[in-house]
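Here's what Swiss-Prot has on this protein:
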BINDING   155, 156, 157, 158, 159, 160, 161, 162  ATP binding site
């Protein structure tokens with residue numbers, strides 16, 4: 001192992017000088033430095049640039065407090081490597097693969113894999129046309145997810161991305177029964193803690209590996225923790241031949257961490273101050289999240305949209321990699337419609353008659369047509385009132401409002417806040433319910449009966465309780 005000395009520390013970026021003639025560490029290699037003689041505190045650095053004359057620029061994976069010039073730095077000779085395999089299930093890791101769940105640490109000889117790898121080649125890839133049922137009406141009807149596909153949940157601050165991803169974990173991980181990997185990237189530690197204890201109580205933790213690099217951690221950790229979670233998922237896919245669910249909350253923080261260190265690494269910022277390598281970094285991560293002939297990875301990624309601006313380079317770059325997009329809309333939260341999924345902006349490659357069937361496709365497109373027409377009529381209603389509409393449009397508006405409310409439902413994970421039990425609605429029930437609303441079967445029921453309910457039978461029961 002070659003060794004060098006710290007030449008400069010600027011926040012999370014550390015320059016390390018190696019003696020001329022020594023072999024320089026390769027890009028992405030992990031370097032180790034101890035802050036005291038007893039070697040009680042270890043800091044891991046990752047090589048990002050070679051500056052020439054034996055100096056490399058590195059990004060710290062932990063806080064650089066305690067580092068001083070002249071400290072010895074050792075080259076490990078390989079990238080950061082993390083534990084993989086069945087032993088990772090039920091455990092919680094940080095970016096370096098160290099356990100953080102207060103239970104027994106992993107043995108030094110446990111199987112490990114480097115976090116930097118190449119994406120699968122074209123001939124290894126496979127595509128699926130099997131629908132992944134989520135039990136959430138608005139998703140299953142209008143923007144269905146594919147098994148082995150990539151899903152993005154887009155939304156601004158506080159519109160319900162994390163609650164939706166937790167409900168998907170609750171519904172899919174429990175129904176699916178396979179292996180799940182949850183990766184928390186730059187989000188709140190409290191949410192990760194809540195999720196861990198909920199999973200422990202429900203028993204899902206036994207089939208889940210969790211990896212966290214939260215908001216309070218340096219940008220190096222937030223930039224690489226997604227790769228740690230992905231490496232664990234890839235092992236289950238490639239070696240064990242499993243179908244894996246990969247949840248990532250939040251992909252935007254991965255980009256944000258990259259932009260934090262980009263200027264310190266000496267790169268010129270590009271649009272909106274992001275790193276010039278934004279598209280490359282996103283591509284390298286996303287191309288590894290894929291399904292191969294050995295096994296599948298179904299990934300569900302929350303993506304924060306800064307200031308609700310979908311043209312921002314970070315969410316715009318992520319769009320290109322996804323099969324399905326679920327867009328959360330602030331206006332719907334203001335109307336009290338949860339989940340606040342925009343039925344017209346959300347889209348899916350799976351919404352075609354060949355994949356979902358003729359009936360489902362016909363109902364979904366008619367629902368979208370009715371909602372689109374309602375949106376067009378809203379300006380007229382705001383200026384002239386409902387009376388100026390034709391009878392046909394009045395009926396359409398009444399049905400559109402019922403559809404809009406029926407797209408909401410109670411979540412299991414929100415039961416402690418709402419006091420209402422959550423509901424899981426099978427796809428067939430969802431399609432039947434919306435078909436009957438479109439046919440006018442429930443035109444006589446009040447709009448409020450359609451709010452936050454499960455299947456259409458719940459609407460009828462609610463209306464009955466209201467005296468209809």
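Placement of Cβ uses the backbone N, Cα and C atoms for every residue, glycine included.
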Output field, ATP shell: CB within 8 Å of site CB centroid, site 155, 156, 157, 158, 159, 160, 161, 162 dropped: 304, 328
Spatial neighbours, same chain, of residue 156 (ATP binding site) - Cβ under 8 Å, 6+ residues apart: 304, 305, 306, 307, 308, 328, 330
Largest tally of Cβ atoms lying within 10 Å of a Cβ, found at which of the binding-site residues 157, 159: 159
Packing count at residue 160 (ATP binding site) (other Cβ atoms within 10 Å of its Cβ): 21
Long-range Cβ environment of residue 158 (ATP binding site), under 8 Å and at least 6 residues apart: 333
Under 8 Å by Cβ from residue 155 (ATP binding site), same chain, sequence gap 6 or more: 161, 302, 303, 304, 305, 327, 328, 329, 340
Cβ contacts of residue 162 (ATP binding site) (under 8 Å, same chain, 6 or more positions away): 187, 191, 249, 302
